[in-house]
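K.L.:
Sharing the record's features from Swiss-Prot:
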TOPO_DOM  1-7  topological domain 'Cytoplasmic'
TRANSMEM  8-28  transmembrane segment
TOPO_DOM  29-460  topological domain 'Extracellular'
CARBOHYD  Asn66  N-linked glycosylation site
CARBOHYD  Asn213  N-linked glycosylation site
CARBOHYD  Asn226  N-linked glycosylation site
DISULFID  Cys265-Cys330  disulfide bond
DISULFID  Cys294-Cys352  disulfide bond
DISULFID  Cys332-Cys341  disulfide bond
CARBOHYD  Asn440  N-linked glycosylation site
TRANSMEM  461-481  transmembrane segment
TOPO_DOM  482-547  topological domain 'Cytoplasmic'
REGION    506-531  region 'Disordered'
COMPBIAS  511-522  compositional bias 'Low complexity'
Amino acid sequence: MQVHRTKLLAASGGTLLFGILFGWVLFPQILKFMISKQVTLKPGTDVRELWSATPFPLHFYIYVFNVTNPDEVANGGKPRVQEVGPFVFDEWKDKYDLEDDVVEDTVSYNMRNTFFFNEKASSPLTGEEVITLPHPLLQSIGISVQRERAAMMELIAKALAIILPDAKPFLTAKFMDLFFRGINVDCSSEEFASKALCTVFYTGDVKQAKQVNQTHFLLSFLGQSNHTDAGRFTVCRGVKNNKKLGMVVKFADEPELDMWLGDECNRFVGTDSTVFAPGLKREDGLWAFTPDLCRSLGAVYKHKSSYHGMPSLRYTLDMGDIRMDEKLHCFCDDPEDLETCPLKGTMNLNRCVGGPLIASMPHFYNGDPKLVQDVDGLNPNQKQHEVFIDFEPISGTPFQAAKRMQFNMDMEPVEGIEPLRHQRKVIMPMFWVEEGVQLNKTYTNMVKHTLFLGLKFNAGLRWMLITFSLIGLMSAGYLFFKESDSLDVTMPPKIIKESNKVANQPTFAKQQQHQDQQSQSQATAAPNVPIPGVDLSNVKVELRERF
């Protein structure tokens with residue numbers, strides 16, 4: 001029994017140790033190793049195929065702020081806006097001209113976004129709705145010249161009057177014309193002022209303009225972004241170092257930007273937002289470089305979440321407060337003067353796009369309260385206007401995300417241009433967009449069957465081993481306790497031998513022994529001596545054993 005108790009104790013202890021080591025140490029390392037070998041941008045892998053051409057469209061929503069009192073605002077009144085939308089588009093993402101560098105473990109490519117209007121999802125909106133917005137060309141040129149080239153104001157004012165006859169501070173046009181088809185810009189005039197201004201169109205400095213013939217251009221917010229090159233990236237493939245998967249190394253063949261007033265703001269941090277490395281820690285955040293903003297933005301962990309029954313982590317981001325973060329002072333017009341920094345929740349895009357544009361969260365969510373107070377019709381709230389991503393960190397899979405951004409005109413009075421002379425200084429919201437994705441069951445099942453079933457198997461196995469080992473340990477302990485509580489009496493071998501010898505003596509020996517005992521009794525009996533007055537004839541003497 002003692003041998004069995006020891007074996008049971010050893011087996012149970014070994015099972016307990018194996019369950020702990022395998023469940024919490026070995027299995028996670030094995031899983032991490034397997035994922036690191038599969039999740040790379042090496043040619044031929046599933047991840048490379050999905051990354052290079054997204055097999056499903058993203059949802060792209062556009063919400064427009066229709067100005068309902070344009071004449072009043074032009075005369076210095078408070079703007080009043082009405083949100084119109086969403087206009088829904090299917091956005092397809094693909095990468096082309098891919099070039100791998102095995103030595104550097106990088107891949108270079110051109111990014112392309114293609115938009116298709118989704119009539120069904122946009123209904124009842126058709127895209128032909130008439131919208132009133134700040135005039136994108138008149139406002140941006142007039143304000144930029146006043147701030148940076150005031151000496152040229154007279155020439156520019158004359159050119160604008162020729163190119164944009166009868167232009168007003170606010171432009172009223174159909175949604176599709178404003179955003180995709182374009183509004184006409186006439187550069188056919190032979191006037192010197194007109195030719196001087198139109199030079200920026202012919203050289204391509206106005207990125208939102210598309211040349212249709214020798215003298216005319218079409219200007220739109222997103223027309224030039226549709227099915228065109230969005231920039232050339234160079235990113236890490238993650239073969240040699242999986243932690244660097246997707247990290248941007250170069251953009252436009254440059255290792256960093258050169259437009260901001262500090263290295264911290266010019267650095268590339270994170271990926272191109274279409275892929276993330278597996279095994280990221282919560283405190284690392286999710287960083288991505290955004291060419292539209294000419295900067296990198298990082299989402300921070302907020303809380304645990306779930307998607308289709310699978311656990312995930314929710315990350316959120318906003319524009320922050322540049323004034324309060326010393327590392328971001330390079331985004332100010334003058335890093336030494338905090339008064340030149342943008343308001344909380346905004347970012348000045350003038351250096352990025354060459355115009356008085358301000359980026360923010362939709363409806364100025366999480367921004368300076370003054371931004372909302374200056375415009376009627378805004379209603380910021382977390383559910384509709386927060387940027388978030390539900391992320392599975394082990395595999396690096398984003399389950400669902402909503403990337404939202406609002407674009408605003410940084411308006412101010414322009415003395416040199418009559419239509420803009422009396423307007424008030426205000427950050428005027430124009431439109432906001434949402435790029436959303438939700439993985440369907442086809443792709444969530446891939447994660448579920450390859451990752452979470454393995455995790456569940458590991459959890460079940462380790463707890464089963466621990467349970468059985470604890471039962472075994474308790475059983476062994478009970479057996480030890482039971483045996484130690486009982487008393488085993490063992491006679492010495494010599495006594496046992498003598499006892500057996502006496503027990504085996506023949507009958508005559510026992511009779512002889514009995515006779516000897518009788519003789520001894522008689523010898524020890526009291527002598528028969530007469531005592532006067534005492535009759536001892538009838539006295540019986542009993543022999544008693546002495547103990």
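Heads up, the Cβ atoms here are built off N, Cα and C, so glycines get one too.
Remember, it's a predicted structure, so these values are computed and weren't measured experimentally.
Quick one: where do these features end up spatially?
P.N.:
In this model, the topological domain 'Cytoplasmic' (1-7) carries an average pLDDT of 59.
Of all the Cβ atoms in the protein chains shown, 20 others lie within 10 Å of the Cβ of Asn66 (N-linked glycosylation site). Look at Asn66 (N-linked glycosylation site): DSSP puts it in a strand.
Counting every protein chain shown, the number of other Cβ atoms lying within 10 Å of the Cβ of Asn213 (N-linked glycosylation site) is 8.
In the three-state DSSP classification, Asn226 (N-linked glycosylation site) falls within coil.
DSSP assigns Cys265 (disulfide bond) to a helix in the three-state reduction. Every protein chain considered, the tally of other Cβ atoms within 10 Å of the Cβ of Cys265 (disulfide bond) stands at 22.
Listed in sequence order, Met259, Asp292, Leu293, Cys294, Arg295 are the same-chain residues six or more apart from Cys352 (disulfide bond) with CB atoms under 8 A from its CB.
DSSP gives Cys341 (disulfide bond) a coil state; it is part of no helix or strand. Around Cys341 (disulfide bond), the same-chain residues at least 6 positions away in sequence with a Cβ under 8 Å from its Cβ are Ile322, Arg323, His329, Phe331, Cys332, Asp333.
Secondary structure from DSSP puts Asn440 (N-linked glycosylation site) in coil.
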K.L.:
At the level of the C-alpha atoms, what whole-angstrom distance separates Asn66 (N-linked glycosylation site) and Asn213 (N-linked glycosylation site)?
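P.N.:
That separation, Cα to Cα, works out to 31 Å.
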K.L.:
Roughly how many Å lie between the Cα atoms of Asn440 (N-linked glycosylation site) and Asn226 (N-linked glycosylation site), rounded to a whole value?
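P.N.:
Asn226 (N-linked glycosylation site) has its Cα 25 Å from the Cα of Asn440 (N-linked glycosylation site).
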K.L.:
Among the glycosylation sites Asn226, Asn440, which residue has the largest number of other Cβ atoms within 10 Å of its own Cβ?
P.N.:
Asn226
K.L.:
Fewest neighbouring Cβ atoms within 10 Å: which of the disulfide-bonded residues Cys294, Cys330, Cys332?
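P.N.:
Least crowded of the disulfide-bonded residues Cys294, Cys330, Cys332, by Cβ count within 10 Å, is Cys330.
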K.L.:
Which secondary structure state does DSSP assign to Asn213 (N-linked glycosylation site), in the simple three-class scheme?
P.N.:
coil
